[in-house]
Amino acid sequence: MSAAATMAPVSLRIHAIAYGADDVLLFDLRAPARDGLAPFDAGAHIDLRLPRGITRSYSLLNDPAERHRYVIGVKREPESRGGSAWLHADARVGALIEVDGPSNHFALDESAPHAVFIAGGIGITPLWSMVQRLEHLGTPWTLHYRARSRRGAALLDELAGHGDRVHLSFSDEGAPSLDLAAIVAAAPEGAHFYCCGPVPMLEAFEAACVGLDPARVHLEYFAAKEAPATEGGFVVHLARSGRTIPIAAGCTILDALQAGGVAVPSSCQQGVCGICETAVLAGVPDHRDLVLSDQERAAGRTMMICCSGSKTAELTLDL
C-alpha cells in the first residue's frame, strides 16, 4: 500500500558527506537543534527540496533504529536534471536542506521467516536498511548484489562482515548475470523476495517470481517501466479551486496543471516516487505508475498525475 508523507517539511543540516563508491556520495542529514527525527521503517525514502524548485526522492540506507539522522546514497547520473548533479557539485557540509517524509512504498515484511535481497547498483541502499533491521530481529537473510565494478558498488565495507550471506557479482570481472530463477528456486520455503535496481533486472525478477504468492514479492523501481499517458482528450476538474483544465495530446496531467499555474508537488516525472499522488473524486484513472498496488489501482481513489491519465472524458481531482 502506498504511504504518502503527511508531515510538514523539516530543515535538516548536512552533517557529513562521505565517499560511497565511484559517482556515489553518502549524505548524513541531522536536525540542527539535535532533535529526534521522525521514525522510519526499512525501505523508506525521503524527498529533498533542492534549488530551482527541484524535489528528488532518495532511499534511507541507515538502521531504522537510529533516530538522530537520515543517511542517503546519491549516485551522480549523467542525464541528471539537477538533483544528483547539484548534490554532487554544490552541496556542502553545514548547509540546510528542506526534507519531506519519510514515506514508504517498499516496506519490509517482518513476519517472513527468511528474506532474499537482490540489488543492482545504487539499488543496494534500501536493502541495506532492511538488512540492518533483520539483524536486530534475528531473521535470516541472503543478499545478491550485482554492479558494474567493485569501485562502483556502494557499501562493500559494510557488507564485508556478513560472510557467505552476501553474494557479490561484478560485470567487469566477467561474472555472468544473476540467475534470478535459480535464486528464487533455491530460497527457503516461505521466503520473501526483495529487488531494487535497474529496469532490466526488475523485469527479470518479476519473471522469475511468476507463480509465487504476490505478497512474497517486493520490488522498487527507480525509473519508469512504461511511457506516461500523454494521449490527452479529456478534462480535469479541480474540486477545491473550481477550475477545469483541458488535457491536450502530448502532455500529462501534471504538465497541464503546471502550465495553468497550479502548484503541485512533483519529483521524478515517471511515477516511481509517489510525491505527486493525488486523490481522485470522480472518473477512472489510467494508471501508469509503479507506486500503487493492484488493489489501489482497481479502487481508483488515488493516482500519480505525473504519468497517469484518464479512461473517462472527465476526471475530478482533490486539488
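Backbone N, Cα and C atoms are what each Cβ position is placed from, and that goes for glycine too.
These come from Swiss-Prot:
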DOMAIN    7-109  domain 'FAD-binding FR-type'
BINDING   113-223  NAD(+) binding site
DOMAIN    234-319  domain '2Fe-2S ferredoxin-type'
BINDING   Cys268, Cys273, Cys276, Cys306  [2Fe-2S] cluster binding site
Restricting the comparison to the binding-site residues Cys268, Cys273, Cys276, Cys306, which residue's C-alpha is spatially nearest the C-alpha of Trp141 (NAD(+) binding site)?
Cys273
Sparsest-packed among the binding-site residues, when each Cβ's other Cβ atoms within 10 Å are tallied, from Pro113, Gly197, Gly211:
Gly211
Which secondary structure state does DSSP assign to Leu127 (NAD(+) binding site), in the simple three-class scheme?
helix
Same-chain, non-site residues whose Cβ lies within 8 A of the Cys268, Cys273, Cys276, Cys306 Cβ center for [2Fe-2S] cluster are Leu254, Ser266, Ser267, Gln269, Gln270, Gly271, Val272, Gly274, Ile275, Met304, Cys307
Select the most exposed residue of Ile183, Cys273, Cys276, Cys306, where exposure means the fewest other Cβ atoms within 10 Å, treating these as the binding-site residues.
Ile183
DSSP says what for the domain '2Fe-2S ferredoxin-type' (234-319): how many helix, strand, coil residues?
13 helix, 26 strand, 47 coil
In whole Å, how far does the CA atom of Cys306 ([2Fe-2S] cluster binding site) lie from that of Gly211 (NAD(+) binding site)?
31
Among all chains shown, work out which of the binding-site residues Leu127, Leu155, Cys268 has the most CB atoms within 10 A of its CB.
Leu127
